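Database features, via TrEMBL:
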SITE      R15  site 'Transition state stabilizer'
SITE      K22  site 'Transition state stabilizer'
SITE      R152  site 'Positions MEP for the nucleophilic attack'
SITE      K208  site 'Positions MEP for the nucleophilic attack'
Amino acid sequence: MEYQVIIPAAGQGKRMGANRNKLLLEVDGRPIIVHTLKVFEQDENCRGILLAIHPDDHLVLLELFDQYNIRKVTAMVEGGKERQQSVYYALKQALPNGVVLVHDGARPFIQQNTINELVSVAKETGAAIAAVPVKDTIKTVKQGLVDKTIERSSLWSVQTPQAFRHSLLMEAYEQAESSAFLGTDDASLVEEMGKKIQVVEADYDNIKLTTKEDLIFAEAIIRKRKEQ
Ligand code: CTP
Ligand code: MG
């Protein structure tokens, strides 16, 4: 089932502390963003990649597309201050039909079976997100004191991709803009409209590379996959 994917890649990677866009750091000898792009490049159902970038990275990215034979990037837009703006600018360049995925450039380990399932559920129902059950016990804390313990069985850690019918996602982003709503993920904008979002159980190794330790996890995930 065909889809387009928006990849926000315009962040500054502040928590990684590399003084540059973390997506250009290498794991297993390739920039993180190349790993992410390759997943979609190799998926025959992906009909186009819309990338939100920082203008400073533009030339480097064009060189990487050449070097790694990445041909499906149909639009490169300048990102905004917030991830939500970056996604919105890219969404405006998407073909106005079918299913659109939004996937963080910083999650290079997304697996094909999760993508397939998200696309198919979003096509059927309008909206689907990747998530995993929370492993830790989660408590709310106020002024250094435990407030309460939240029932773990209802807690899920939400990832990307998040998949939507184009029309629904566009409406959600337009509404968020007109009401100045800033969500923490794409689905939260759709939730604001009172729409149901399906949850697709994904993998624990679909991590977002955020801090330095995550680079060690990333190398380990790649090693494990090479052994399989
Ligand atoms: N992103 C974006 N535009 C922004 C902020 C983030 O396109 N204004 C992208 C990032 O490039 C990343 C994804 O959104 O692929 C998830 O964001 P995050 O992991 O928070 O990356 P950064 O914002 O770059 O990192 P930090 O928050 O540590 O600065
Ligand atoms: Mg960020």
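Cβ atoms here come from the backbone N, Cα and C positions, even for glycine.
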Which recorded sites, if any, among R15, R152, K208 have a Cβ under 6 Å from ligand 1, given in order along the chain?
R15, K208
Considering only the recorded sites K22, R152, K208, which fall within 10 Å of R15 (site 'Transition state stabilizer') when distances are taken between Cα atoms?
K22
Inter-residue Cα distance where the pair is K208 (site 'Positions MEP for the nucleophilic attack') and K22 (site 'Transition state stabilizer'), in Å:
11
